[in-house]
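*Asks:* The annotation domain 'DUF2179' is assigned in TrEMBL to 216-270. Sequence annotations record features per position, and here TrEMBL assigns transmembrane segment to 7-26, 46-67, 74-91, 103-123, 144-164, 170-199.
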Amino acid sequence: MSKKIKNFILLNIGSLVTAVGFNAFFFPNNIVTGGMSGLAISLHEIFGWDTATFMMVSNIPLLLICYFCLGKSIFVKTIYGSWILPIFIKLTQFLPTITETPILATLFGGLIVGAGLGIVFWSDSSTGGTGVIVQLLGKYTRISLGKSVILIDGIVTVIGFVAFDSDTVMYSIIGLITISYVINTIQTGVTTLVTVFIVSQNYQPIKHYITTTADRGVTEIPVKGGYSGTNQIMLMTTIAGYEFTKLQEAILKIDETAFITVTPASQALGRGFSLQKSHGRFDDDILMPM
């Protein structure tokens, strides 16, 4: 399966999951979680506008701005997603309300919508909306990406105060935090990273295994034994948590007396993690989901 087809499928699945969470949890409970969808809920309450129709119509000027101000590359990645999400929202309006308990709607809706938007991120696409505005602020002002998101979602939240009571808006903020957490988890991966330190007299075969079979980087660190006083080489490598068992077996097969220390790593940047294996960077375009 080609990458384009895979991304197309992921974009559709992510948009559908997002639409289900929106109609089954957020919309019937007036949960305004920022973005164009949150604005649509508030405007529906104030003016009675259909949420899906508003999202589709509002994307027209935003897409034009995206094309002329952000470039063709981002425009192409945004145009389909900006239409398919409102379409799925329209098609799933028949879904029943799963719960009328605000906190449950907030948490479970946040999990589902966050998962959907996280899948959209996987597709290297965007559903347009306020994400276009965020990117504009990032390109033409000194406002950082994070501050831009807070600013735009803050404005949407203020509009929510006009449409709904304070309790509803506070639930909405919890929902927004939940969505952000889920998206971040999907982006960075639920897989934990660990840094492994290995001290072995037979370190060369271990290093060879790490750099070839495991396909991970490794660093040689000169160390001196505190008890023996002998100079040795300690290997350091960072791998995904699920890779450790296999690495441990390989190390002990080479040297059953090897000393192994494992520590958790909160983040890893560089080749094999934030950079591709070919030393090329991922696409620099940051596509916001909503």
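Residue numbering: from 1, along the chain as shown.
Any Cβ shown, glycine's included, is placed from N, Cα and C.
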*Asks:* Excluding the flanking five residues on each side, which residues at least 6 beyond the ends of the transmembrane segment (74-91) place their CB within less than 8 Å of a CB in that stretch?
*Replies:* 11-12, 15-16, 18-19, 22-23, 37, 51-53, 55-56, 59, 62-63, 66-67, 120, 123-129, 131-132, 135, 285, 287
*Asks:* Where else in the chain does the transmembrane segment (144-164) make close Cβ contacts, counting only residues six or more beyond its ends and a cut-off under 8 Å?
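*Replies:* Tertiary neighbours of the transmembrane segment (144-164) are 30, 32-35, 38-39, 41-43, 45-46, 130, 133-134, 137-138, 172-173, 176, 286, 288.
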*Asks:* Give me the DSSP three-state residue breakdown of the domain 'DUF2179' (216-270), ordered helix, strand, coil.
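*Replies:* Secondary-structure composition of the domain 'DUF2179' (216-270): 14 helix, 23 strand, 18 coil.
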*Asks:* So if I exclude everything within five residues of the ends of the transmembrane segment (46-67), which remaining residues of that chain have a CB under 8 angstroms from its CBs? That is, six or more out.
*Replies:* 22, 27, 36-37, 39-40, 74-75, 78-79, 82-83, 85-87, 89-90, 93, 128-129, 132-133, 135-136, 162-163
*Asks:* Do you know the mean pLDDT across the domain 'DUF2179' (216-270)?
*Replies:* 89
